[in-house]
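J.: Here's a structure for you.
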Amino acid sequence: MGETKNTSLDPVVTGFVLLGLPHPPSLRTLLFLVFFIIYILTQLGNLLILLTVWADPKLHARPMYILLGVLSFLDMWLSSVIVPRLLLDFTPASKAMPFGGCVAQLYFFHFLGSTQCFLYTLMAYDRYLAICQPLRYPVLMNGRLCTILVAGAWVAGSIHGSVQATLTFRLPYCGPNQVDYFFCDIPAVLRLACADTTVNELVTFVDIGVVAASCFMLILLSYACIVRAILKIRTADGRRRAFSTCGSHLTVVTVYYVPCIFTYLRAGSKSPLDGAVAGFYTVVTPLLNPLIYTLRNQEVKSALKRITAGGKATRENK
């Protein structure tokens, strides 16, 4: 990739063809149904979390659950950026995507993904304050500060997505237009560039690596302090509740970061595993988040029961 193939800055390619996930033709209908069901369940599960946080006064007044609601909103949009286009791979429809559509998909994927990365860090910071600074928590993490931090995460994510999309599509694309992937992402698109991509690969490695590594290190540091504080709790029930609250967040952080690190810190890789790993964190992880938080979080389950019981009581009164 070190030698420049074309010096024109104007893209000759006017669109891309997404080759999608490799699959036997005989499984096309089954795979369409599987991904369609996953998408519907993802939207419904995250919508349920959003409505629960919004409807229950005990939840939407607490920063932890405001952040959880924002995470569900991000998961719904992230899934919508990837999965509907992926479903076309299992139909006779054209696999072509306009040049502008590819730019938009890459931008929104990195915008939403990096915002989610920052949000996980904020959730860890919130848990750190709640467990390590319980008396000062209402002052240190109030609704106004939570709103400012979430807005900052959105702005930082937008800047990150803009930088990545601009750097990727400032290059000339004048040859093959077949993207060997199921969505427009940096490593797959850069392989088609008619110019030296060394700078792009370096920026991608440093930018995404620094963002992900910094957030991950801050999360680990927060949880090192959290674990030390939890171990000082005298009652077994208190320790169990604290670990349960943190366990949900640690689980979703793990299923998010591990695949991302595998993909973006190996930008030049052409491993057949790349598509499967990308499919996990773009398709499966948004589905797992509401399941993890509803199954492991007692307060969310209690809120769901209260809302359900309230709905039944309303119907009976009518």
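The backbone N, Cα and C atoms fix where each Cβ goes, and this holds for glycine too.
Summarising the annotation, TrEMBL assigns transmembrane segment to 30-53, 65-87, 107-125, 145-163, 208-231, 243-265, 277-295. Here TrEMBL flags 45-293 as domain 'G-protein coupled receptors family 1 profile'.
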J.: Quick one: find which recorded stretch in 65-87, 107-125, 145-163, 208-231, 277-295 has the most Cβ pairs under 8 Å with the transmembrane segment (30-53).
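T.: Of the candidates 65-87, 107-125, 145-163, 208-231, 277-295, 65-87 scores highest.
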J.: Pop the mean pLDDT for the domain 'G-protein coupled receptors family 1 profile' (45-293) in here, whole number is fine.
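T.: Reported value for the domain 'G-protein coupled receptors family 1 profile' (45-293) is a mean pLDDT of 84.
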J.: At a C-beta cut-off of under 8 Å, are there same-chain residues at least 6 beyond the transmembrane segment (65-87) that contact it? List them, or none.
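T.: Same-chain contacts beyond the ends: 18, 20-21, 32, 35-36, 38-39, 42-43, 46-47, 49-50, 53-54, 59, 97, 105, 108-109, 112-113, 115-116, 119-120, 122-123, 126, 143, 146, 150, 182-183, 252, 282-283, 285-287, 289-290, 293, 299-300.
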